[in-house]
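Data first, discussion second: the structure below is written as structure tokens.
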Amino acid sequence: MFSFLRSGRNPAPEQIHISSLPPSIPTDQEPEQAEGQADDVVEEKGVIQTTYTHRVHSTPSVFLQNHSDEPVSSTYFDEKVPVPEEDDERWISLRKLWAFTGPGFLMSIAYLDPGNIESDLQSGAKAGFKLLWVLLGATIVGLLLQRLAARLGVVTGMHLAEVCNRQYHTVRYVPRIILWLMVELAIIGSDMQEVIGCAIAFNLLSSGRIPLWGGVLITITDTFVFLFLDKYGLRKLEAFFGFLITIMGITFGYEYVTVGPDQGQLLKGMFVPYCEGCGPVQLGQAVGIVGAVIMPHNIYLHSALVKSREVDQSNKKEVKEANKYFFIESTIALFVSFLINVFVVAVFAEAFYQRTNEEVFNVCNQTGSPHLDLFPLNNETLKVDIYKGGVVLGCFFGPAALYIWAVGILAAGQSSTMTGTYSGQFVMEGFLNLRWSRFARVLLTRSLAITPTLLVAIFQDVQHLTGMNDFLNVLQSMQLPFALIPILTFTSLPSLMNEFANGLVFKIGGGVVILIVCAINIYFVVVYVSTLGSVWLYVLSAFLSIAYLVFVGYLVGNSRLHGSCSWQGLTLFY
């Protein structure tokens, strides 16, 4: 299955390093002769192959070129952040780290969206501190996958969607279109979670005066806010989203300090990979944590965001340095997001684990809460979501806890706007060579996200609205192989990544991750479909599952082709 494990067996012919020009540069242009370089140009079946000899020990970089006559559209930022040059040989320079800071924090927003927050609070309410080690493991796996995405963008100068465009080109572009549609589904799902989170936050902050459907409509305005900020430059945009992350840290940190979780139980749950007394409910929640944390479109996003820094791909030292600093920055960013997630899990683990609906009803009744209808008078275990979570915090710890919780949810929802917008733009341009304005792109994604959410908000209650988050987490987990297989395949190819290709540990680890993700998806489908209670839906789900597995098999099979490097054309890239 994991044929990319064999990609490292191709010997490097002499000391040849082949790189590729940006897609906008014609491949039939004669490169200039440089002193100390030997150029061999071989034309075969209309394909031009060019070889440069550099003083590096690497394997050739092989890349399919687009065989259509239309130019390949590529996303480049209007501005690129310069990286300061320093003469000293320190292992780390704070000035350079600051220059590379930004993409990792923008990427980390996907780890803090309303879907993740809901997964966190449900984990705490259902399993206490016992699943913190799952959250830690999922975040570490996410960091390693983001490392691969950043390395692909830095080494090749192209993001993942652009690479897929050049590789999955057979059968009249059908695989490429299907792959694009799968990623778009994940993006729309993420945007729906942002809409849901913001609508609930507005409802809580207004004490119910703003109905849920009104909150959904208000989220249209953040589209224009985003476009307004985007005009002021990349660094200001990065600073704004850093500010939103800070708000989440302060608000959820306040809840953490207010509740005062047991630190011993917290550390035990984080570093002891065991769940004592756990059953199917806790197992399902553990699976949900993995599905919520690792998002497919975020891998495409990060591989593109790193292109916002000035890095010369022909300079081995600069590429190596960029890889190092982007990894350090991503580590810091995901550590911050992990702490915020831990705050949420710990709050609900300490305050609401194993509490019954009747207990919560009695407390809320004493405080005069207007939301008593959310808690039936029975001894069933409390079930919470991001809406009920704010209500119970208000009942147990005062109105300030409710409003601060709502502000944190609002910041989480607003920040994920960026993830959907940029991801959608990158994958559309990369897969389809279709370049839209950001205004049109945001309008399309937000319209597709708002329409079903608005219908549920108008005709159903808040339980149905927050219940959509569970479905959306399942949906995004189902799309994971469509990001994992390409990124692991391409970053494992010495012919593409040269000396920056994955080592054996990463290849084996990547294969294990794919197996685990596919097993999680099968579990998700079985559990979710079993609750539908309709024979026709069972049959439809079976057909869709077969089609899904066939396409995943196609991507895995294509990695076999890439691993053998049996490609037809080469292009050059500086």
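For all residues, glycine too, the Cβ spot is worked out from N, Cα and C.
Just so you know, TrEMBL annotations never went through curation; they're auto-generated.
As recorded in TrEMBL, the features of this protein are as follows:
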- 1-39: region 'Disordered' (REGION)
- 29-39: compositional bias 'Acidic residues' (COMPBIAS)
- 132-150: transmembrane segment (TRANSMEM)
- 210-228: transmembrane segment (TRANSMEM)
- 240-257: transmembrane segment (TRANSMEM)
- 286-305: transmembrane segment (TRANSMEM)
- 326-349: transmembrane segment (TRANSMEM)
- 391-412: transmembrane segment (TRANSMEM)
- 443-460: transmembrane segment (TRANSMEM)
- 480-497: transmembrane segment (TRANSMEM)
- 504-529: transmembrane segment (TRANSMEM)
- 535-556: transmembrane segment (TRANSMEM)
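Across 132-150, 286-305, 326-349, 391-412, 443-460, stretch 286-305 shows the highest tally of CB pairs under 8 A with the transmembrane segment (504-529). The stretch from 132-150, 240-257, 443-460, 535-556 that makes the most Cβ contacts under 8 Å with the transmembrane segment (286-305) is 132-150.
Only residues 6 or more beyond the boundaries of the transmembrane segment (132-150), in the same chain, are considered here, and those with a CB under 8 A from a CB of the stretch are 103-104, 107, 111, 120, 123, 160, 266, 269-274, 286, 289-290, 293-294, 298-300, 302-303, 306, 323, 326-327, 330-331, 334, 337-338, 341-342, 345, 484, 487-488, 491, 502, 506, 509-510, 513. A Cβ distance under 8 Å defines the sequence-distant neighbours of the transmembrane segment (326-349), meaning residues of its chain 6+ beyond its ends; these are 92, 97, 100-105, 107-108, 111-112, 116-117, 120-125, 127-129, 131-132, 135-136, 139, 142-143, 146-147, 150-151, 154, 245, 248-249, 252-253, 255-256, 259, 261, 265-266, 269-270, 302, 306, 384, 389, 393.
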